[in-house]
């Protein structure tokens with residue numbers, strides 16, 4: 001379960017160093033926002049993860065649909081955008097405010113919103129250079145279905161604190177693993 005999550009959300013946190021070589025110049029603040037998201041996710045924890053072990057689930061991340069280990073940097077920008085957008089929406093639903101501190105959620109959404117702004121700029125720049133969208137429709141659909149499964153899980157668990165904790169912990173683990181993906185891209189350069 002963790003390796004699948006790792007690829008999806010690790011892509012979310014590729015820093016400027018991994019993307020800048022594409023001609024997309026994300027500001028230094030983008031990598032600072034990544035660290036801020038990690039800090040905020042840590043601070044959101046309200047339930048002990050060990051008390052929610054029975055609620056863990058395999059959400060079947062579609063690794064192959066997104067190119068797996070063959071994912072190109074240009075496609076990573078699109079994946080980053082897609083995942084960031086869904087993550088933002090995920091933490092913007094009404095049920096999240098019941099479980100977590102509203103001011104922390106606001107800060108998390110602000111950090112994600114800034115990342116979306118940076119990534120949208122890069123998407124427009126890269127699509128302009130290539131003349132076509134960077135993310136294949138199959139990959140986009142796979143990401144949407146994946147987040148839909150997460151939404152269904154929360155609904156099935158009635159947005160319980162443990163269900164939210166499972167999702168938060170998985171996102172946290174995935175964000176933390178982004179360093180490995182970043183190193184992989186650096187070695188390719």
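From the backbone N, Cα and C atoms, a Cβ is placed for every residue, glycine too.
According to Swiss-Prot:
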- 24-122: disulfide bond (DISULFID)
- 52-162: disulfide bond (DISULFID)
- 1-23: signal peptide (SIGNAL)
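Its Cβ placed at the centre, residue 122 (disulfide bond) has 25 other Cβ atoms within 10 Å. Residue 162 (disulfide bond) and residue 122 (disulfide bond) have their C-alpha atoms 36 Å apart, to the nearest angstrom.
For residue 52 (disulfide bond) paired with residue 122 (disulfide bond), the C-alpha to C-alpha distance reads 38 Å. Over all protein chains present, the Cβ of residue 162 (disulfide bond) has 18 other Cβ atoms lying within 10 Å.
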